[in-house]
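Engineer: Below you will find the structure I want to go over with you.
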Amino acid sequence: MSFRGGGRGGFNRGGGGGGFNRGGGSNNHFRGGGGGGGGSFRGGGGGGGGSFRGGGRGGFGRGGGRGGFNKFQDQGPPERVVLLGEFMHPCEDDIVCKCTTEENKVPYFNAPVYLENKEQVGKVDEIFGQLRDFYFSVKLSENMKASSFKKLQKFYIDPYKLLPLQRFLPRPPGEKGPPRGGGGGGRGGRGGGRGGGGRGGGRGGGFRGGRGGGGGFRGGRGGGGFRGRGH
C-alpha cells in the first residue's frame, strides 16, 4: 500500500499497474529507503509494512483514481464521529494536533475533521512523528481560522476514515507474506511491470523513518493514511 504517483493498481511513485514501489522491498512500501525492519511512513526502511504516498487506480495516493482512499467527496457529516486528536498550535493557516485515537489508529489523509457537533473544520493534511506517538496537521476550511481554536480543543473523525496501526508495522517473525512478485497479480516481475513487487529492500515499512528500524510518520495528503483519492 503505497502512495504518490502511480499507474493502475500501483502503490507508490511512478510505476506500472499493480506495481508496489519504486524503490524497495516486498509488499507495502512507503517511499524510498534502505533495508531492514522497523519502519517509518514516508521514507525509511524497505518493504513490508504499508505505505502512504502513491497513486493510480486502487492506490492510496495523492492523485485521483478509482478505488483509492482519498480526495473524499463532501457527503455531509457521518452518522457518528469518534475522537481524533487535540489542538496543539497553529502553523501558518493550518493547525497541528496530537493524535489521540483509540488504539493509535491512523486517519486517512484528506479525511474530513469535525468538531464534536459534526461541524467540519477541515481535512487531514500531514501526519508526522513516531509510530505510537504521532501528530497530524489540518488544512482548515475557508471559513475557519487557526487562531479561533483553544489549546487541547478536541477534534473528531468518521470512524470509517481510520486504519489500524498494525497495517504499518512489520510482520511478526515467521509470518509469510504474499509470493515474491505477486501483490498486484498479472504480468511482470521485480521492479515494476504489472504485478511487480519492487526491487531490493527488506521488510519494514513505517512512516518517515530513516534507514532500517525505528521510524516515524511523515506522510502527505492522501487516502487512507495515504495521500490519495476518494474512498
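Just so it is clear, glycine is given a Cβ too, placed from its N, Cα and C backbone atoms.
Dumping what Swiss-Prot says about this protein:
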- 1-75: region 'Disordered' (REGION)
- 1-68: compositional bias 'Gly residues' (COMPBIAS)
- 4-68: region 'RGG-box 1' (REGION)
- K145: SUMO2 cross-link (CROSSLNK)
- 167-231: region 'Disordered' (REGION)
- 179-231: compositional bias 'Gly residues' (COMPBIAS)
- 180-231: region 'RGG-box 2' (REGION)
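Are these features on the surface or tucked inside, and what are their neighbours?
Structural biologist: DSSP gives K145 (SUMO2 cross-link) a coil state; it is part of no helix or strand.
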Engineer: So if I draw a 10 Å sphere around the Cβ of K145 (SUMO2 cross-link), how many other Cβ atoms end up inside it?
Structural biologist: 10
